[in-house]
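Annotated features, as they stand in Swiss-Prot:
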type     : residues       : note
SIGNAL   : 1-26           : signal peptide
DISULFID : CYS40-CYS51    : disulfide bond
DOMAIN   : 47-172         : domain 'C-type lectin'
DISULFID : CYS68-CYS171   : disulfide bond
BINDING  : HIS107, GLU121 : Zn(2+) binding site
DISULFID : CYS146-CYS163  : disulfide bond
Amino acid sequence: MLHRLAFPVMSWMLLSCLMLLSQVQGEDSPKKIPSARISCPKGSQAYGSYCYALFQIPQTWFDAELACQKRPEGHLVSVLNVAEASFLASMVKNTGNSYQYTWIGLHDPTLGGEPNGGGWEWSNNDIMNYVNWERNPSTALDRGFCGSLSRSSGFLRWRDTTCEVKLPYVCKFTG
């Protein structure tokens, strides 16, 4: 027979085990695991979690951004790392794009008002941790306030361009 002081301790242990059981017990039916592959519309390419589409009909930066926003969570492309930059460069080169520049989602809404080019940002508000300028936009005499991929860099590097120029553009959106 158990000592009478053992009952409260054992009751507490049993209660603790039951509480833990509810936290570690698995679900009866497993949840559907999302597919690693995304489905993109015809004419666009998948990379990571997004679809990318190059549009050859030239637009101003602002009109291109508005056109991209018509797609699900769409904006002009933000280039967040070297791998994405390489993917984009390959995509733009393989389409036979004959323009010197192609719009991306980079712009400076301060129109150079921030020192050392600090006003540049992505149109979709992604954080700008990766930078790949062809030239320093804050020191150029003919500087623009919208970003583009430059043909002379193999479409890997960025160039500040006048926003009113009509250029092809790349949209980034969800599938």
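Every residue, even glycine, has its Cβ placed from backbone N, Cα and C.
Where Swiss-Prot records a feature, it is marked here on the structure.
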| residue | record | contacts (Cβ under 8 Å, 6+ apart) |
| --- | --- | --- |
| CYS40 | disulfide bond | ALA46, CYS51, TYR52, GLY175 |
| CYS68 | disulfide bond | GLY74, HIS75, LEU76, GLY105, TYR169, CYS171, LYS172, PHE173 |
| HIS107 | Zn(2+) binding site | TRP61, TRP120, GLU121, SER123, PHE145, CYS146, GLY147, CYS163 |
Entry from the disulfide-bonded residues list CYS51, CYS146, CYS163, CYS171 having the most other CB atoms no farther than 10 A: CYS146
Local confidence of the prediction over the domain 'C-type lectin' (47-172), expressed as mean pLDDT: 94
Structural state of CYS171 (disulfide bond), classified by DSSP into three states: strand
